[in-house]
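To keep things clear, I will list the structure first and then write my remarks on it.
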Amino acid sequence: MHNKIQNASTRHILTVLLFCIAWYVISSSNNVIGKMVLNEFPFPMTVTMVQLCSIALYSGPFFNLWRIRKYQNISRGYYWRLIIPLALGKFLASVTSHISLWKVPVSYAHTVKATMPLFTVILTRLLFREKQPTLVYLSLVPIITGVAIATLTEISFDMVGLISALISTMGFSLQNIFSKKVLKDTGMHHLRLLHLLGKLALFMFLPIWVFVDSFKVIQHPAITGFDYRVIALLFTDGVLNWLQNVIAFNVLHLVTPLTYAVASASKRIFVIAVSLFILGNPVTWLNCAGMTMAIFGVLCYNRAKQVTRASETILPLTQNHRIKYEPLKGNLDPYYQGAMTSSPNGFASKRAEKQYTNLNPVPTNSLLSNGNVFPNGSTMTTTRLLFV
């Protein structure tokens, strides 16, 4: 039995480890390829369009193949109140994320996205009047300081890129907050919610893309000249983005929220390191220090949240709670009354013992016998426990 439990635990750890490795590799590849696409094909809306199409096209068949349960019918009012705003938020967050990726290096964009805990604290305070303990507020200081240092020392700084990254981070933070509410209210599978939001965002985004980007895209040399490289990069970017979303949701399902937050922060470090190594954008030591401080701040925030939750769940055992017990009145239960006396047999009198024994014969090897006889025949007469 012990070996089976140990084997199951080992399999779970290996599964999580493999998922995290795949998540890190796919996420870093997606960001690097996305940056390469946008350098040659500067249309962030079109890149977003390709990713939303990938979610809408691939999710349905694969989720059915994996036998992921379908969601129940959702009321029209709930759709308009929560689902539609979530889909709109997904569209806006994705577009602004690609604009920031287009304007600034991948490493800087991900450093700015480390401010998500800051937005989470602010938004939960504004929307739900939720206050945080001092420790959580203090953990935000290294995040803000690190991002500020990285911003001031960024060689390829662009204001549009910074603002887009901040808007994107706020959008994803809002998504996280309200996605949890939708999953709790509807009981929907998290991957089905991803599919639904992807489809709705695609339908809402299509008219805007046609009006803003479509005619420019058609006239671009990569499309008119049928550049296989750009088209292949666009297709690969869409597939990798879909895989990244699926794996991220699965990791969240397999581990605790704190473990997921730490894994996500580690993934951000991995993405920054890979982008610096492959794309080779110039950075200074002070810039690296700012990035490191911001990521360290995210880890401190996660730890502060863990400590806060733990302190909220600990019972106040140090307080002196006295509960007054009173014996039953009358001779209705001589065994209970005997438990309150010093009689070795547990009864108030010999007469009470004789009456109770005649009416309720108990085997001599019972744990509930009056003399607390244990199966080996020994007795315990000093302390009595009463289970009711």
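Quick reminder: no glycine exception, Cβ is built from N, Cα and C everywhere.
Fair warning: this is a prediction, and the values are worked out from it, not measured in the lab.
The domain 'Sugar phosphate transporter' annotation in TrEMBL covers 15-302. Sequence annotations record features per position, and here TrEMBL assigns transmembrane segment to 12-33, 45-66, 78-102, 108-128, 135-153, 159-179, 191-212, 242-263, 270-299.
Scored by C-beta pairs under 8 angstroms, the transmembrane segment (242-263) has its highest count with 12-33, from the stretches 12-33, 45-66, 135-153, 159-179, 191-212. Beyond the transmembrane segment (108-128), the same-chain residues lying 6 or more positions past its ends with a Cβ under 8 Å from any Cβ of the stretch are 31, 97, 100-101, 136-137, 139-140, 143-144, 146-147, 150-151, 154, 156-157, 161-162, 165-166, 168-170, 172-174, 176-177, 265, 268, 271-272, 275, 290-291, 294-295, 297-298, 301. Comparison of 45-66, 78-102, 135-153, 159-179 by number of C-beta pairs under 8 angstroms to the transmembrane segment (191-212) places 45-66 first. Sequence-remote contacts of a segment are chain residues at least 6 beyond its ends whose Cβ falls under 8 Å from one of its Cβ atoms, and for the transmembrane segment (135-153) they are 108, 111-112, 114-115, 117-118, 121, 162, 284, 286-287, 289-298, 300-301, 303-305, 307-308.
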